[in-house]
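According to TrEMBL, the protein carries these features:
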type     : residues : note
DOMAIN   : 121-249  : domain 'TFIID subunit TAF5 NTD2'
COMPBIAS : 296-307  : compositional bias 'Acidic residues'
REGION   : 296-348  : region 'Disordered'
COMPBIAS : 319-330  : compositional bias 'Basic and acidic residues'
REPEAT   : 378-419  : repeat 'WD'
REPEAT   : 451-486  : repeat 'WD'
REPEAT   : 493-524  : repeat 'WD'
REPEAT   : 535-576  : repeat 'WD'
REPEAT   : 577-610  : repeat 'WD'
REPEAT   : 619-651  : repeat 'WD'
Amino acid sequence: DRQTLVAVLQFLRRSNLRESEEILRREARLLGDDLGGNVATVATSSPGVAVVAAVPPGKGEARGDCRVGPSSRREPREVGSPCAARSLSVMLGHKGRFGGAVVVEDQPDVSAVLSAYNQQGDPTLYEEYYSGLKHFIECSLDCHRAELSQLFYPLFVHMYLELVYNQHESEAKSFFERFHGDQECYYQDDLRVLSSLTKKEHMKGNETMLDFRTSKFVLRISRDSYQLLKRHLQEKQNNQIWNIVQEHLYIDIFDGMPRSKQQIDAMVGSLAGEAKREANKAKVFFGLLKEPEFDVPLDDEDEEGENEEGKPKKKKPKKDNVGSKSKKQDPNAPPQNRIPLPELKDSDKLDKVMNMKEAARRVRLGPECLPSICFYTFLNAYQGLTAVDITDDSSMIVGGFADSTVRVWSVTPKKLRSVKTAADLSLIDKESDDVLERIMDEKTASELKILYGHSGPVYGTSFSPDRNYLLSCSEDGTVRLWSLQTFTCLVGYKGHNYPVWDTQFSPYGYYFVSGGHDRVARLWATDHYQPLRIFAGHLADVTCTRFHPNSNYIATGSADRTIRLWDVLNGNCVRIFTGHKGPIHSLAFSPNGRFLATGATDGRVLLWDIGHGLMVGELKGHTDTIYALRFSRDGEILASGSMDNTVRLWDAVKAFEDLETDDFTTATGHINLPENSQDLLLGTYMTKSTPVVHLHFTRRNLLLAAGAYSSQ
């Protein structure tokens, strides 16, 4: 309408944004250039079109055009090039916190115009609008009904919030009571939060709802279903709903068959709907980096072993393609120097040699040969066990506790010893062969070391690959780096302002990642006190973090029920996975780097193909939150541990074979999960009364599990 245009053009002129002003004039077909500050009349060629100032990108059916909402039955008319309205939305769209209400304090005319958002339709008709749409969707053909039913939840929330925002409290209450029972069961937690928002003041401080208002809820719908919906809303002149669809939903339209209820249910459930297909298109280098070449000295038993099996022992023995590290450069691997990785020290090389020798004696697992499981139960952990980690060589185990202590145990006969004091060290002959042994102080030898320093529960712990350092993160907002030579704190990294829920070292050491209540993950290097990268995008707490085996990517799981994959090099989000119905609490990459397994409070383990950005499996069986996931060393078996006091073993080879990742599936997300995951379940192992919080496969494929005995 003219008033809007005049105000916006004045704003542009005052802000010296001549170019945008010109474009908008051209688009709106403004005649002449008046000098008095008032803009010439608008030549409205068709009375049914209202020109809306700020049209965020992606409003139209396709990404390339900006469309303008209809105010009559006419088709929405395109406003030429996308630039004018879009540049405006970029300038204005980030200032307001509530969707369309653009609040510009010092611009009374603009705020007056754009507050039109507040005077939405007749509050008494909201129930009628919603039930009308509900009736239409329920009466539509089966193939469209499943897809269009996705609209119920976001429309319900936005209509309710709109009523509350405009202070129609009794109408909002009756709207909520009438329709909240129709929503899918996996939105119950969100609805509980929503039901407590009954006044406009409540909305101001509620971050979850602010995010819901400002981030677009993504629905993936086939073109046929979308056309059906559009026609219905325009025939009914149901502008209220059409406005919400235009303003707050992002409809990702695909060509092809509509998806079935089962296919949709597998993918929805996150705080902001599904991921846009665009979000999973970027190329990901999921291959492994080439192992450095060096000779492994063979000892006698290795010689015999070699003759019997006829396999060379230089590298890890060839397994099937799931976990083998070949000498050739993996075609999907990132360039070796894509991110700077630390040089290998002599001690690292020695450790790799040990690792290869162990690997030679590794048990080959499979459905016929399941791993033995050794369970470490923390007894009398009245301090409240909150985190566990085990070193790669399985020699030490660490527990983080709610009393803010970090406790490190040796699980081999070798006791933990500190380095001698400086005075004693000066007396040592530095040239002797056993200097590394001599610097250790025997008087300090013990099975357990307690590390004090945090001032709140410790939620995450991680050993460095070389076993010289230990990370811990806490409710106090810090991540601490401890020396395992002196058992003292070396650095406290302060970057998060709120509790830090998880931290993990890179498989190459040096880098580590942390994620917390402030909804971002941070990438650190041990020698920098500021983060190197900040990964922002989640709509709720980042609850768990994991490095990809090649260290070029980081996966984060969040309470917004999505998993994101981030590129360490540039900080971009390269994958968004939706499908879990509750906060994510565990992540595990397969040893070959191709797949990711995720576990959440919904008791499901979901499997993802990283290269194609697709869900490829769903493992059902657990009845409570899954806190631990780990692939065996060669990737044949996936172990999951849960609060339901069980460890379950799944056949990973079978889960990932015969994947149909054709172009159509990749393009539209028509995933076909097997009906029954029970044929992938190889075994379930109960503990007496111990929730499983950590799992670890030793280098020989013995499975270690850990948890604190709970007496209830």
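Note: Cβ is positioned from N, Cα and C throughout, glycine not excepted.
What TrEMBL says about a protein is an automatic prediction, not a curated fact.
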For the repeat 'WD' (378-419), what's the mean pLDDT in this predicted model?
91
Sequence-remote contacts (6 or more beyond its ends) of the repeat 'WD' (577-610), Cβ cut-off under 8 Å?
186, 189, 266-270, 273-275, 284, 286-288, 321-324, 332, 540-541, 543-550, 555-559, 561-565, 616-631, 633-635, 638, 640, 642, 644, 650, 652, 655-656, 659, 661
Residues of the same chain, at least six outside the repeat 'WD' (451-486), with any C-beta under 8 angstroms of its C-beta?
345, 347-348, 351, 384, 386-393, 395-396, 398-408, 416, 418-419, 492-505, 507-509, 512, 514, 516, 524, 526
Residue counts in helix (H, G, I), strand (E, B) and coil for the repeat 'WD' (378-419), per DSSP?
0 helix, 20 strand, 22 coil
Taking DSSP states H, G and I as helix and E and B as strand, how many residues of the repeat 'WD' (577-610) are helix, strand and coil?
0 helix, 20 strand, 14 coil
